[in-house]
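Asks: Annotation comment: TrEMBL describes C26 as Zn(2+) binding site. TrEMBL lists C26-C97, C28-C126, C38-C151, C153-C201, C158-C163, C171-C193 with the feature disulfide bond. Taken from TrEMBL, the feature domain 'NTR' covers 26-151. For 1-25, the entry in TrEMBL reads signal peptide. TrEMBL lists N39, K66 with the feature site 'Involved in metalloproteinase-binding'.
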Amino acid sequence: MPAALPSLLAWLAVLLLGRARPADACSCSPIHPQQAFCNADVVIRAKAVSAKEVDSGNDIYGNPIKRIQYEIKQIKMFKGPDQNIEFIYTAPSTAVCGRLLDTGGKKEYLIAGKSEGNGKMHITLCDLVSTWDSLTPTQKKSLNQRYQMGCECKISRCLSIPCFVSSSDECLWTDWAMEKNNVDGRQAKHYACIKRSDGSCAWYRGMAPPKQEFLDIEDP
């Protein structure tokens, strides 16, 4: 056997084992709350009542897949199916993108995620999940109408100044560049990107619902 062959076989074994192991970290790209709303199948205000670990089939290697099942009490649905959401599922730890919720029914959340049908939804660490009390009045107001008005718009994250829009249906999200990598800055808290009557998109700020043909008189 050539001298280099054992080393080559050992390297291949390490490579295959590395591919077989599940990811042990979870990373998410920052997005504006409006983007999270528009990307989600379901957006609700709810409390988590209880939690338990449940089996959810097997992976490609035959190992059981565990998930946390939260029983919830829905307070209001902002986007989603006609029926109430009764259960939310997530991975068992944040290392695999699981989202942990406080149970007991005392803390209210805004939760955005994917529908699984039959009163069920799934959330990950990358989905919008915030305590209701942490939301600004503008964010709460925007959940009813304003965010939906801009779902056809594109919100682009500005990484460094200067940055420019590439099309008329685009809004630049500058919190990251202007507020030292802050994803919960002024635009996230107080602005929505809304499509105007001429088809262009612009940031809108304020508590009152915007008129159909509003003028973007104040830049963020």
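Including glycine, each Cβ sits where the backbone N, Cα and C put it.
TrEMBL: automatically predicted annotations, no manual curation.
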Asks: Using DSSP, tally how many residues of the domain 'NTR' (26-151) sit in helix, strand and coil.
Replies: 23 helix, 54 strand, 49 coil
Asks: Looking only at Cβ atoms, how many others are within 10 Å of the one on C97 (disulfide bond)?
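Replies: The Cβ of C97 (disulfide bond) has 18 Cβ neighbours within 10 Å.
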Asks: Highest CB neighbour count within 10 A among the disulfide-bonded residues C151, C158, C171, C193, C201?
Replies: C193
Asks: Comparing the disulfide-bonded residues C28, C38, C126, which residue's C-beta has the most other C-beta atoms within 10 angstroms in this structure?
Replies: C38
Asks: If you measure C201 (disulfide bond) to C38 (disulfide bond) at Cα, how many Å is it?
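Replies: Cα-Cα, rounded: 15 Å.
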Asks: How long is the line from the C-alpha of C153 (disulfide bond) to the C-alpha of N39 (site 'Involved in metalloproteinase-binding'), rounded to the nearest angstrom?
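Replies: So the alpha carbons of C153 (disulfide bond) and N39 (site 'Involved in metalloproteinase-binding') sit roughly 12 Å from each other.
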Asks: Checking the contact step here: among the recorded positions K66, C126, C151, which have a Cα within 10 Å of the Cα of C26 (Zn(2+) binding site)?
Replies: C126
Asks: List the Cα distance (Å, whole number) between C38 (disulfide bond) and C97 (disulfide bond).
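Replies: So the Cα of C97 (disulfide bond) lies 20 Å away from that of C38 (disulfide bond).
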Asks: Determine, using Cα-Cα distances only, which of these recorded positions is closest to C126 (disulfide bond): N39, K66, C163.
Replies: N39
Asks: Identify which of the recorded positions C26, C153, C163 has its Cβ surrounded by the largest number of other Cβ atoms within 10 Å, counting every protein chain shown.
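Replies: That would be C153, with the highest Cβ count within 10 Å.
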Asks: Summarise the model's confidence over the domain 'NTR' (26-151) as a mean pLDDT value.
Replies: 94
Asks: Counting every protein chain present, what is the number of Cβ atoms, excluding its own, within 10 Å of the Cβ of N39 (site 'Involved in metalloproteinase-binding')?
Replies: 16
Asks: What residues, ordered by sequence, lie under 8 A Cβ-to-Cβ from K66 (site 'Involved in metalloproteinase-binding') and sit at least six positions away in the same chain?
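Replies: The list for K66 (site 'Involved in metalloproteinase-binding') reads E53, V54, D55, S56, P92, given in order along the sequence.
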